[in-house]
């Protein structure tokens, strides 16, 4: 097994230096960041292509680079059905949520909640988003502490200096690095296996080409229906209403560019999915007779890709460094979007409404300070993740449940003219409680193998005499604690708690909408007059991809309205 050489570190350092240089450039280009809008929204002057690549880069985190190939290696290529999911997600985001958000000219998506309902729901949404995002340890995947700290510092540096423009253009550079890393692995694997045909043939005989499974059982982890239905709700909660993504496409200079950024991004999502799938199938073809995970050469499935890279590139100095740079580029893009979004919601939702005397210049400096603060939080969470391990991961899965209820809250406001503040609040709380219930239950009582359907692995061809130095994995502490108290699985464990993780968001969304509608009807929702600018209208469909100047004019009008 190969190890990192000097050239690997040079390649990795070069990626960090270029990212930092982009931040410095946009800190001073055009006179610097004069207002908070310049810093947080890029002056609303972004074009479709760089924003599309930025959206793609944010999607392609280190989890995608490391986890998706391992997922396909273990469970098969049914993951490819997400190609349909991504198309539906982009369609919903571009045609339902984008028209309303762009028309209002808002900076934070949670401003919508105050305009549509009341300031308390805006505060609830803001707090939930901050908890959900700031608590997520983004810089993980490798036990290279120097690289982790360097990544966090560089990311905080260019986010603080350059604002959204630096984040977007750094993402453009980083997505190129990520594609190069994936491509190098695929090309080298094809050479090692003497052709793509052998990889496909090995995958077919190993049961990895399991593209279609129409089992309607919602308890099964991945089927066509869980991926298409559950995945659409899960990812729409990210692309449709999550500040990290929405902030980018509403920073475009027109609604046409905003929509185009989403549709161009779809092509990028498909390309990444194809690359990750080919890497996963290559993993299986190379290790079909000697699984490194079963042979204890790695302690976790997401260590398989680094293991493969060090194996097939042991005679190619610099190439392992390129792959690590691609994984950390995914980390940089994800962290930078989180830092910028957290700064935006903090300034726009927690500071501006209560300190109206602050000038734009002061708000710009506060925005930079918030970026610096949240960058430090991300680095601290990376340290915490390495110390607490699986306990923190269990907590993060629970925090991830807030996405569904928040999606339901925004959908309720945009699609239901009779929805009122009381109904929206009760629906949000109900959806949140139910999502937490099933989320906590699934952590305490993980689904049985017959629900997850892992595919067989073999060590028949192994001839291993060395021990691995990689970090050992940790069992889920919640499972360990509660298993001593309840050795037998309750009835709910094999029913309710075994629900596919992709349906968690679906459940939270639908409960929030249904409860919100019922309570709104019972509390006089039909008697209220809701301004049509807060709703999705037929004009939004009739004016699709309009290049007219009306988009820009409407942004100015509603931005002025918000400042009053």
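Backbone N, Cα and C define each Cβ position, glycine as well.
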Students should find that the transmembrane segment stretch in TrEMBL, chosen from 110-130, 194-214, 299-319, 425-445, is 425-445
Candidate ranges 72-98, 450-476; TrEMBL annotation transmembrane segment resolves to 72-98
Per TrEMBL, the transmembrane segment among 478-500, 501-523 spans residues 501-523
* Please work out whether the transmembrane segment (6-28) lies in contact with the transmembrane segment (172-191), by counting C-beta pairs under 8 angstroms that are 6 or more apart in sequence and asking whether there are at least 3. => yes
Between the transmembrane segment (425-445) and the transmembrane segment (327-351), are there three or more CB pairs that fall under 8 A, provided the residues in each pair are separated by 6 or more in sequence?
no
Quick tally over 48-66, 72-98, 398-418, 501-523 of CB pairs under 8 Å to the transmembrane segment (425-445) gives the top stretch as 501-523
**Asked** So, does the transmembrane segment (72-98) come close enough to the transmembrane segment (262-287) to give 3+ Cβ pairs below 8 Å, pairs being at least 6 apart in sequence?
**Response** yes
Stretch winning on C-beta pairs under 8 A with the transmembrane segment (501-523) (pool: 48-66, 72-98, 172-191, 398-418) is 398-418
